[in-house]
Amino acid sequence: MAEVDKSISFDGRDIRLKVGLLAPQAGGSVLIESGDTSVLVTATRSQAREGIDFLPLTVDYEERLYAAGRIPGGIMRREGRPPEKTILTSRLIDRPMRPLFPSWLRDDLQIIALTLSMDELVPPDVLAVTGASIATLIAQIPFNGPMAAVRVGLVGDDFIINPTYAEIEAGDLDLVVAGSPHGVIMVEAGANQLPERDIIEAIDFGYEAVRDLIKAQQDLVAELGLVIVQEAPPEVDQTLENYIRDRASGQIKKILSQFTFTKPERDAALDVVKDEIATTIKELPEEDPIRVAATANNKALGNTFKDITKYFMRRQIIEDNVRVDGRKLDEVRRVSCLVGVLPKRVHGSGLFNRELTQVLSTCTLGTPGDAQNLNDDMQLDQHKRYLHHYNFPPFSVGETKPMRSPGRREIGHGALAERSLIPVLPSKEQFPYVIRIVSEVLSSNGSTSMGSVCGSTLALMDAGVPILKPVSGAAMGLIKDGDEVRILTDIQGIEDFLGDMDFKVAGTDTGITALQMDMKIPGLSLDVISQAVHQAKAARLHILEKMLACIDTPRIETSPYAPRLLTIKIDSDMIGLVIGPGGKTIKGITEETGAKIDIEDDGTVTISAVDENKAKRARNIIQGMTRKLHEGDVYAGRITRIIPIGAFVEFLPGKEGMIHISQLADYRVGKVEDEVAVGDEVIIKVREIDNKGRINLTRLGIHPDQAAAAREAAAVNR
């Protein structure tokens, strides 16, 4: 393929597309660059898989540490398990790509994005999303694209396309919008309690830039002499499908109109119908075309049954404005909440129920040393002090499966809940704890990620975390049939599975903190998105009202089993003194007091212990070690050793000075041992600190009030 090099500019920032330079054996490849960030994206198509009823698409995004000029740590000195950030980027690529492939496609597809170079300005994720579309077009895979993505930031009152890391950090919005020629297809955002109108305006602003990238891809395809492949679906014998439809349609329609059915009851009734048809087919003669077709395609019954269920559920919503559980389109399911569900050994807990969706969230408070170190990926010397983990055990949907480590879905849902709550967390200075939330999905019938947001808000308040405002969330759905559009509030499982959209919105009563929109159709207009966002606000506020009836403010006290944190600041040149050679000093303080000590490079010292007195003891020791001495200061101390010309006194941890024999008393002392002994407690005053840092002490000229204050201070510090 001929080499092509194209550029497109946004606000003076170029995106460069290089085709034909790298990966010549991949189905399609592109090197997409901005600044010094370069991402190689490939798309490859393999043989069709037999006996499957889904699109076998795999998307992998990987970052090589050489891209940032670094060598991996560990014994092997090579990249290991992918960090969470790369998994989330893989999902970011997958989500807008998947709905643009034909539903009938069964070929193995693999999209791989490798970050080959990365600067400190340009995030590579949106480049990888756009690159996936370009590589797919070049590979001539059937695809309803092109598709492109941009990031939108908000700094002050100005929207910015593809902001730098610094601009994202300084702004109130981090929004990624992906779209096709048919409309917006994906939105992912974190926001600092922004009003709905700002979010809608940002999506519109971003989609205009997406259009430019789509046009650039169309021009690139034409320049390469290619076409955008739109293959017709393979012809399928409808005999078996028609047989199933004739026997199942009436019963399915009746079941879906039984609004009193719970999810398990509805599923069981549908299974009975499906089993009856399967039995009927098995009883046909072996040579019967229906039985032959069913034997040849063992997925046909399930797929046709799903299609019929989907058709009648959607028609019921479009024609009657009623859902399978009898709710109105904008009606939220029954909500209930509990806090303090678990004993206080768990620092905070919240149980959120939305009928058959149930999430138990727990909050654990940790020390600064418990923060997650992100040094293994591209983010140098960064630590996460808020962690949100989401678990989805198989029993939550009544299934049995092996329990494995979290998959991409669990990681993605946890990240969304985390992003939803970050804007309302207290600052490190106000609340120095590391916070870990774990959301356990105990029962699932749709919208467990937003259930996690709600349950986690309850757990945070139960744990005494002074959040700025409580956050609630709701998942919106969509049924689109031609020009007919119905937006559904608080979708349940069947509406998510058979609908056209999953749009999750989280926020406070002030504004939105996070949203995530995924489509199953090629695109959506801004008007429909705007309607969904505003409809979600009403749902969020309704749910928030129920939550506040359970707990309306964070608890004043944290759990008695949570660590007590004390924070002090020392001069950075004193850090070495506190740590000591080989960590000897700090280990000694820890062993003596039982407290845990974390020291940051700026001299911030955080001391933690479940027993607050232990933390105070460690604090006093460190303050004593690092205190600046002044002539005339009075302290209580203890004699540590005696020499012929005087006695040495430890009067602060790590601080020792000498009393000359002439300064022991206001009369002549013949021998030091006649006046003091090792172990004696004495009141001393700093007489002089010489140019070598030696501390000379005296027992003379000390007022009784000074002596009393010194004894009192020493008693407190013990």
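Our numbering is plain: 1 for the first residue shown, then up by one each step along the chain.
Glycine is treated like the rest: Cβ placed from N, Cα and C.
Features of the protein shown, as given by Swiss-Prot:
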BINDING   Asp496, Asp502  Mg(2+) binding site
DOMAIN    563-622  domain 'KH'
DOMAIN    632-700  domain 'S1 motif'
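This prediction places the mean pLDDT of the domain 'KH' (563-622) at 91.
Sequence-distant neighbours of Asp502 (Mg(2+) binding site) (same chain, 6+ apart, CB under 8 A from its CB) are Ala475, Met476, Gly477, Ile491, Asp496, Gln516, Met517, Asp518. According to DSSP, Asp502 (Mg(2+) binding site) is assigned to a strand segment.
Helix, strand and coil content of the domain 'KH' (563-622), in residues and according to DSSP, is 32 helix, 16 strand, 12 coil. The 10 Å shell around the Cβ of Asp496 (Mg(2+) binding site) contains 18 further Cβ atoms across the protein chains shown. In three-state terms derived from DSSP, Asp496 (Mg(2+) binding site) belongs to a helical segment.
Secondary structure of the domain 'S1 motif' (632-700) per DSSP, as helix, strand and coil residue counts: 6 helix, 36 strand, 27 coil.
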